[in-house]
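Annotation source TrEMBL lists active site, for sulfotransferase activity at K147. Taken from TrEMBL, the feature 3'-phosphoadenylyl sulfate binding site applies to K147, G148, G149, T150, R151, R228, S236, K353, G354, R355, T356, H357. Positions annotated as compositional bias 'Low complexity' by TrEMBL: 123-133. The disulfide bond annotation in TrEMBL covers C336-C348. The domain 'Sulfotransferase' feature in TrEMBL is assigned to 138-373. The feature region 'Disordered' is assigned by TrEMBL to 1-25, 75-94, 99-133.
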Amino acid sequence: MGQRLSGGRSCLDVPGRLLPQPPPPPPPVRRKLALLFAMLCVWLYMFLYSCAGSCAAARGLLLLGSGSRAAHVPPALATAPDGTPPRLPFRAQPATPLASGKEMVEGAASPEEQSPEVPDSPSPISSFFSGSGSKQLPQAIIIGVKKGGTRALLEFLRVHPDVRAVGAEPHFFDRSYDKGLAWYRDLMPRTLDGQITMEKTPSYFVTREAPARISAMSKDTKLIVVVRDPVTRAISDYTQTLSKRPDIPTFESLTFKNRTTGLIDTSWSAIQIGIYAKHLEHWLRHFPIRQMLFVSGERLISDPAGELGRVQDFLGLKRIITDKHFYFNKTKGFPCLKKAEGSSRPHCLGKTKGRTHPEIDREVVRRLREFYRPFNLKFYQMTGHDFGWD
């Protein structure tokens, strides 16, 4: 037993203040700072991870260019150690568009070909996931037609979470085929399992070499063609050129080789593109008709959800894009998206869409309708769909 100390206390009865005390709890401010620091570290990790994927994907997009923010720069080719110049994977014969002739005289490429519209920047969440997945060759391509509504269709499709598409037109199968499939694949966005990679270049439909080249890439490629009344399409094509070159001849003078005899000039690209049956024959030599979907440019305006339903079915996608995604813009005369891909704001196509057409001589319009009628009827038979242009 311990000895008794003076005052009758035991030696074990030591005051509590002399024993070791637990450390005082951290004040609330320190706890909050520690939590804030931890959250900052997590955010920084996510940001760096996102940048890694985005930077990898940006290389292909920079090659395409977008508006005034990027230029069409060819990919850099490594020089051999001995100083010899780089060699391309292979050389291909230049593509020969069926639609030539007066187009060369006009010398005016479409705005989509020179500086395609680029949708709003993706949201931070989609940017975070952009570093995941891998780049694949497209499983579906919108191959035509110019001034038919291809840009609208692509922008509408990009709303679907299972669709990933290049915003600009690659023009691989008509202008850049000699750069090789590896170059083409590098232009594509990254996709996850279950997602579809797409691109659109309307000039493919009228390029002779395009069907064989796409078939060589993959015979299972799904092809989408947006078609429109060929007379209205020709006027729209002319209007686009006129907006950039006001000094070109009138639509009426370009339409005829000889207006007195009424002979239509089919060498003019604006007329040539609308002979859909002639172009389709080249594609059917390489692809069965069941692998092609023909979208009505008129219905894409009057009933966008209905046409998008057909497209989603054709691509094997769940019908996610419905009426709730669209509203009609009376000023432009076109349907617009309530929320574009990666944005919470409404999105309409740019000022290059929905231009006012010039007044065309009614007799010229009538003669053009007579010219196109047999081609239209043949096209209806080939596709099994009456588009009601006559």
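Any Cβ shown, glycine's included, is placed from N, Cα and C.
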Whole-number answer please: how many Å between the C-alpha atoms of C336 (disulfide bond) and R151 (3'-phosphoadenylyl sulfate binding site)? 12
Just going by other Cβ atoms within 10 Å, which of the binding-site residues S236, T356 has the emptiest spot? T356
Euclidean distance between Cα atoms of C348 (disulfide bond) and R151 (3'-phosphoadenylyl sulfate binding site), Å: 11
Consider the recorded positions S236, C348, T356 and say which one has the Cα lying nearest the Cα of K147 (active site, for sulfotransferase activity). S236
List the residues of the same chain that sit at least 6 positions away from G149 (3'-phosphoadenylyl sulfate binding site) in sequence and have their Cβ under 8 Å from its Cβ, in sequence order, or write 'none'. V226, R228, V295, G297, L300, I301
Please report how many Å separate the Cα atom of C348 (disulfide bond) from that of S236 (3'-phosphoadenylyl sulfate binding site), as a whole number. 19
